[in-house]
Amino acid sequence: MGAFIGEIIALSMMALALGMDAFSVALGMGLLRLRLRQMFYIGLTIGLFHILMPLAGMAVGRLLSREFGSVATYAGGALLLWLGGQMIIASFRRDDGSPLFPRGVGLLFFAFSVSLDSFSVGLSLGIFGARTMVTILLFGLFSMVLTWVGLFVGRHFQQWLGSYSEALGGSILLAFGLKLLFL
């Protein structure tokens, strides 16, 4: 039971880290003054993609783990290190490009692009044999809720909080990568 609770805590922290990426992007999208119905669909779509992408990643990760064993374990840890580092670096860059309007194909493209990193984390978790259902439900729930929160507070705090939330998420993934490689 203690191991299960520990796994839920670790997976929740990873879900928080991945959700912070969606949160930081949603902060900027909150400036578009979207309707509540649009915000609901945006959060729901991002949550769904944060279920599907790590699910696909976990399937590939389990296959790699069976085929390559301990080499895949180190690759999974290195992947988390790389992804965390990329998130931290991205948090310090300024991207003034025009945002996609979050409707129709634009929303699907947006949700896909925000959830790409959850595929990579799912790949690592698949290598380590994490519980699939718990993982995808936590990832989907955290990203959906954090997207909604980001959309709501985006008008007020985007300039201050945006890069810090992505840096925090990257730091969490970086820490897990170090843990997997060295502990």
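Every residue gets a Cβ built from N, Cα and C, even glycine.
Sequence annotations record features per position, and here Swiss-Prot assigns transmembrane segment to 8-28, 40-60, 72-92, 108-128, 133-153, 163-183 based on sequence analysis.
Beyond its flanks by at least six residues, the transmembrane segment (108-128) meets 11, 14, 18, 21-22, 25, 42, 45-46, 48-50, 52-65, 72-73, 75-77, 79-80, 83, 87, 100, 102, 135-136, 139, 143, 173, 180 of its own chain at Cβ-Cβ distances under 8 Å. Counting Cβ pairs closer than 8 Å to the transmembrane segment (8-28), the top stretch among 40-60, 72-92, 133-153 is 133-153.
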